[in-house]
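Per TrEMBL, the features are as follows:
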TRANSMEM  21-42  transmembrane segment
TRANSMEM  93-113  transmembrane segment
TRANSMEM  125-143  transmembrane segment
TRANSMEM  163-182  transmembrane segment
TRANSMEM  189-209  transmembrane segment
TRANSMEM  236-262  transmembrane segment
TRANSMEM  316-339  transmembrane segment
TRANSMEM  345-367  transmembrane segment
TRANSMEM  379-395  transmembrane segment
TRANSMEM  401-419  transmembrane segment
């Protein structure tokens with residue numbers, strides 16, 4: 001007899017009534033909405049495509065994991081810096097190729113895990129590597145947040161400081177902090193969405209929102225799909241591939257962390273059934289699909305795990321419903337136009353906190369795992385990753401560019417493998433532990 005978690009209001013295989021299904025599914029949609037549309041806004045992609053690809057990606061993930069894992073796939077923040085740089089250069093075709101490359105890396109690792117297990121991933125990506133890399137992801141975006149919060153664009157080459165922008169950004173930031181600290185129950189899971197709404201209203205009062213595109217938009221509209229051979233002619237963008245693919249190993253650790261939390265919530269072991277190879281394959285396939293339609297890479301969302309924990313509704317049918325509603329919302333033209341009309345200081349205010357939280361999560365990895373910085377090995381690895389990544393010390397050769405974040409990831413993994421556990425002049429060093 002199959003296991004059933006009686007502590008859950010609805011367990012993974014339980015089907016809610018239709019009315020419950022609609023309400024619970026939309027609740028998950030709201031939980032992921034702010035973050036999922038924020039990524040394409042920051043990069044310059046169509047938010048409706050991100051909704052579409054996240055919805056399709058979630059359904060594909062549920063299918064590949066055999067309907068056994070209640071998870072939602074939303075836009076990944078880990079690739080923002082690289083995608084912004086690519087968007088200014090080759091444009092979306094390069095991002096698409098990098099996104100597909102990320103998915104392919106997931107599939108390759110899934111195949112290796114299926115054949116040989118996952119212990120090697122822990123060896124390649126211990127906390128001393130993962131923590132600083134996650135910090136780099138957040139801190140390297142600090143400049144973008146500050147620019148969005150203070151600078152008004154006059155032309156393609158000129159921006160000026162605008163005090164109104166700074167005021168809107170600070171009010172937006174303050175509102176998100178207040179919502180995070182003082183709201184309760186389900187609404188406490190929507191601080192980003194509520195913060196955007198608050199900032200948008202303030203921006204309207206300051207006269208920096210243009211509603212004309214919203215008024216002119218149709219209620220029904222096709223998302224701006226970016227399809228190879230139709231929207232553009234594909235060519236190899238090695239710079240995009242080499243920059244985005246290594247970051248897949250970082251997002252894998254985030255994905256596995258989410259699965260660990262789901263294991264505890266649902267009282268199951270998803271690493272065994274359906275298996276880590278299936279969860280990675282589901283995530284990777286979702287990103288490949290996103291790359292072929294015009295969306296950013298996707299990843300499992302902590303916001304939706306929070307909803308699962310609070311409501312004790314673990315039904316995979318509810319998560320599938322959220323995916324269906326995300327696809328439906330992607331075709332509402334006025335909603336897409338409204339999202340695109342959000343002014344940059346609102347995004348900047350949100351980003352101050354959001355990017356800081358990402359960096360803080362990296363610090364938390366180090367603290368939770370009690371990483372000892374008295375050990376020179378740990379100090380060398382973390383310091384190198386942080387400065388190369390935040391300083392964006394990119395590697396350029398033969399017309400290709402290897403981003404600072406990707407370079408920091410590769411060098412961090414390399415140092416983790418080659419440096420001895422103890423330096424020659426440290427207590428505890430052994431003869432066979434030295435280079």
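A Cβ is built for glycine as well, from the same backbone N, Cα and C atoms used for every other residue.
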(message) At a threshold of under 8 Å on Cβ distances, which of 189-209, 236-262, 401-419 pairs most often with the transmembrane segment (21-42)?
(response) 189-209
(message) Quick check: do the transmembrane segment (345-367) and the transmembrane segment (189-209) share at least 3 Cβ pairs under 8 Å, counting only pairs 6+ apart in sequence?
(response) yes
(message) Let me check one thing: do the transmembrane segment (236-262) and the transmembrane segment (125-143) come into contact, meaning three or more Cβ pairs under 8 Å with sequence separation of at least 6?
(response) yes
(request) Six or more residues out from either end of the transmembrane segment (189-209), which same-chain residues have a Cβ under 8 Å from its Cβ atoms? (result) 30-31, 33-35, 38, 152, 164-165, 167-169, 171-173, 175-176, 179-180, 183, 303, 306-307, 310, 341-343, 345-346, 349-350, 354
